[in-house]
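The active site, proton acceptor annotation in Swiss-Prot covers Asp140. If you look up Swiss-Prot, you'll see Leu20, Gly21, Val22, Gly23, Thr24, Phe25, Ala26, Lys27, Val28, Lys43 marked as ATP binding site. According to Swiss-Prot, the domain 'Protein kinase' annotation covers 14-269. Positions annotated as domain 'UBA' by Swiss-Prot: 290-330. What Swiss-Prot records for 453-501 is domain 'KA1'. Summarising the annotation, Swiss-Prot assigns phosphothreonine to Thr173.
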Amino acid sequence: MDGGGEHSEALKNYYLGKILGVGTFAKVIIAEHKHTRHKVAIKVLNRRQMRAPEMEEKAKREIKILRLFIDLIHPHIIRVYEVIVTPKDIFVVMEYCQNGDLLDYILEKRRLQEDEARRTFQQIISAVEYCHRNKVVHRDLKPENLLLDSKYNVKLADFGLSNVMHDGHFLKTSCGSLNYAAPEVISGKLYAGPEIDVWSCGVILYALLCGAVPFDDDNIPNLFKKIKGGTYILPIYLSDLVRDLISRMLIVDPMKRITIGEIRKHSWFQNRLPRYLAVPPPDMMQQAKMIDEDTLRDVVKLGYDKDHVCESLCNRLQNEETVAYYLLLDNRFRATSGYLGAHYQQPMESASPSTRSYLPGSNDSQGSGLRPYYRVERKWALGLQQSRAPPRAIMIEVLKALKELNVCWKKNGDCYNMKCRWCPGFPRVSDMLLDANHSFVDDCAIKDNGDANSRLPAVIKFEIQLYKTKDDKYLLDMQRVTGPQLLFLEFCAAFLTNLRVL
């Protein structure tokens with residue numbers, strides 16, 4: 001391969017083959033692992049060409065996300081075996097998918113029949129759901145980022161625009177391809193994350209069934225207008241069930257948009273659902289600790305020390321032993337159909353209570369040993385209280401309580417998100433106005449007179465956010481940023497008392 005010599009030291013465990021594709025800052029080459037003789041794809045990112053800070057940040061973010069999945073097994077997320085970073089390049093060694101991407105497949109087939117589209121869509125939703133469960137939102141879902149293996153199973157790839165979700169915080173960056181981007185993304189609004197992936201999945205489902213995207217226009221302002229207005233046409237040949245599902249995924253208001261959990265329960269999705277997709281994947285930490293004995297024996301046969309392999313796997317290390325182990329493990333499952341050899345799951349409406357849904361058996365993480373369980377619907381309401389009062393009236397009461405407790409605050413964007421600071425024993429400020437910021441940007445509210453004994457031992461910084469729920473109520477949430485946990489709980493109790501909740 002051209003340029004193979006310059007990578008020889010970093011990729012000494014691989015025979016390098018031909019170039020599969022070339023991008024602006026990266027190229028993908030096919031390679032063979034020397035010890036296991038299994039094929040891999042290696043993405044080579046040239047760090048010298050990524051001079052723009054945002055491109056370097058994109059690469060770092062992708063590496064961070066990929067390393068989250070490096071020892072996790074999901075049948076429809078591209079497998080990453082190792083990430084090698086050198087001063088000049090970043091090498092991402094990953095699963096090789098020989099049938100290209102979903103876009104080329106759609107263009108070749110023009111459009112898919114409903115059964116084939118459903119099979120593909122079920123796999124996509126399973127992968128996206130797994131990302132969300134591990135606090136990763138993809139943000140760039142499109143057919144080009146969905147690869148196909150030798151049996152045309154979907155593999156979710158390219159996490160370069162992904163981000164890690166944090167409780168109580170929104171994302172704002174406008175990411176992804178315009179045709180697949182949600183209205184709130186192109187409008188520059190705040191979003192939590194999962195809801196924009198749901199929109200993109202709706203566009204992908206439309207493309208699978210229709211051979212075109214629902215929102216398209218050569219004129220960018222017109223395209224934005226169509227997306228923001230949710231203006232599209234559903235062909236008459238689509239069944240009523242899939243028309244219903246698409247229309248619920250492409251709702252402009254993210255609060256009313258269907259969720260991944262609701263998609264899973266939809267009748268169209270449930271039809272001919274493979275059993276391995278009806279089974280929730282193993283917990284991340286439990287899965288990382290599981291060792292396949294047959295694969296372990298094969299790794300030892302290659303000359304690796306058994307104890308060192310086990311120790312590396314348990315500690316989630318990246319080294320020659322773990323790379324060989326996961327390559328052998330994945331190819332074992334492909335050879336035996338592994339996950340993908342399961343039978344169909346009965347639709348929920350026709351299934352008996354004992355077969356409605358499953359959890360992995362305690363001795364089998366791949367779903368062959370299943371035990372039935374009853375899914376109990378639970379509604380969680382995080383935050384202090386729900387109210388139907390106008391949001392402005394709620395915030396006035398909140399500010400009154402903050403004033404009573406002598407909390408410093410400032411608006412964080414709009415008036416429904418406040419950054420706050422509370423110092424126990426801080427002298428009362430009598431001229432605080434309810435409709436203005438009690439700013440602490442320049443720390444003028446707290447003066448240091450040089451006396452160490454006068455400095456307060458603890459300061460609580462927290463955020464207050466008012467949310468609107470699906471049933472048109474308003475939910476007040478508080479999140480500690482810094483400061484002692486118990487002291488924050490004491491403050492919350494005092495705050496609730498002032499709000500007359502307790």
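Yeah, the Cβs are placed from backbone N, Cα and C, and that goes for glycine too.
Keep in mind it's a predicted model, so treat the numbers as computed, not measured.
Structural mapping of features recorded in Swiss-Prot.
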residue : record                       : DSSP (3 states)
Leu20   : ATP binding site             : strand
Ala26   : ATP binding site             : strand
Asp140  : active site, proton acceptor : coil
Open item on the list: With helix taken as DSSP H, G or I, strand as E or B and everything else coil, how many residues of the domain 'UBA' (290-330) land in each class?
Closed with: 29 helix, 0 strand, 12 coil
Open item on the list: Roughly how many Å lie between the Cα atoms of Val22 (ATP binding site) and Asp140 (active site, proton acceptor), rounded to a whole value?
Closed with: 19
Task: List of residues, in chain order, with Cβ under 8 A from that of Leu20 (ATP binding site) and at least 6 apart - done: Val28, Ile29, Ile30, Ala41
Task: Ala26 (ATP binding site) to the residue listed as 'active site, proton acceptor' - Cα separation in whole Å - done: 18
Open item on the list: Suppose we draw a 10 Å sphere around the Cβ of Val28 (ATP binding site). How many other Cβ atoms does it contain, all chains included?
Closed with: 16
- [ ] Provide the number of Cβ atoms within 10 Å of the Cβ of Ala26 (ATP binding site), excluding the reference atom itself.
- [x] 18
- [ ] Within 10 Å of each Cβ, count the other Cβ atoms and name the one among the recorded positions Val22, Asp140 with the highest count.
- [x] Asp140
TODO: Please average pLDDT over the domain 'UBA' (290-330) for the predicted structure.
DONE: 89
